[in-house]
């Protein structure tokens, strides 16, 4: 079934066309600093991880993980292999991060490891990758109550190192399973004109064995391949589908398909089939070559030329028959058997100079052999339509666009992104949204029982979208708008992480070093403000605040909750109190 082309429906009441911008506020933000017992387990890119995709996936990795099921609880993994947790009850009485789990093996001995990754699957389940290719499914008990010992329920080596980007917990017919989405970047030996790497998304389902209440095993393993790291990828809460936002499409690789095949997207078929015949043409005639079985004779061949048709039989077996693209001189057309066991047919065109796009109408069994000299002549005839320069004279006649209105920060260098939904059973694409120039900004978990939301730039605004897998006709809901944030963030060249509060009260971004920018939603004014230009009272204002951290270490992690911002560096964890009203 062909995928449905969909669009994202913007809710007009959530837009503010009269938004005037953010006002810089100098109100101080309470900031607290914790020194870590051991440094964060940062894994730097190796010399062989040189592509942009490696940088997106691993170089910009967020080492701080927020437990969406329990507000203000964050985790990180240190270089001793410990998962450390900080749960905030009171800002002024912060305790030290505590160890909740320790990796069973010393991963620092692995030269080719990636950063360890963790995802909070449910209130009592966690999935973990140690960065060496081993997957753990861990039962944590109720993390919101008194701390319980984390217990490994499943662990298995899955090949090359990967990171976990999403997971869900499923309970169907009293059978518990955990679905996990893994990401790898692997070498593509046959890719001669690309980066030499491809991105692999693996959808793994781990299910409890019926005969053993504590034994889990892999029951499903799907692989998708693409040429770009997805901006967003998540499994639907019911496990029936997968949504991906990426600027290059992903394709499902079936289990029996050769995994070493070329990933060239322009290739229409995955398996190269030898053409039944080859043909070439000049302005006056066509030559068709058909491979014959050994020891074929003229008596085995029957050919009928008609002005608009051709019929070829070999030992009474139909080889080629159908309507020709254009008329031929059937009396002047000939055929002969060559020494290399091939049949050569010469067809004389009635309409000289007409170039045929196909030999027999609708027939796909042949291959056109193009003459290099002919291709050069065609290119020369089309030369006046092309240029080596991009719009070499934009001011001539009518310019293509008003270059003065286009700012440098508005230029997108990536290709047009798309949002795709894959069915979990058939693995076919069911819905496609062409995002065009709607730049992906960030994702956030608003409700942990739902899929993560994603934020896209629409004109100057940033719009937050909540996927709903249960609504087939309207799968993506516009739930919030951050006014002018799409435009504002584009000018922040050094931004590293982007986030927003789950209640949409503010959005925040941090740079690679030290600075954090906070953009609040418009709030009512406590005093009267008058706009003299428009002659009206201003009822509310949107504030911008800037926090500067007292550190020279690069920022490795960034998470936002309704009340706080958490910022992780190599040696410190900073807590910024953003909202004080309860």
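The backbone N, Cα and C atoms fix where each Cβ goes, and this holds for glycine too.
Taken straight from Swiss-Prot:
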type: MOD_RES; residues: 7; note: phosphoserine
type: DOMAIN; residues: 272-360; note: domain 'CS'
type: MOD_RES; residues: 387; note: phosphoserine
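For the recorded site, residue 7 (phosphoserine), the DSSP three-state label reads coil.
For the domain 'CS' (272-360), the number of residues in each DSSP class (helix H, G, I; strand E, B; coil) is 3 helix, 45 strand, 41 coil. In sequence order, 433 make up the list of same-chain residues 6 or more apart from residue 7 (phosphoserine) whose Cβ falls under 8 Å from its Cβ.
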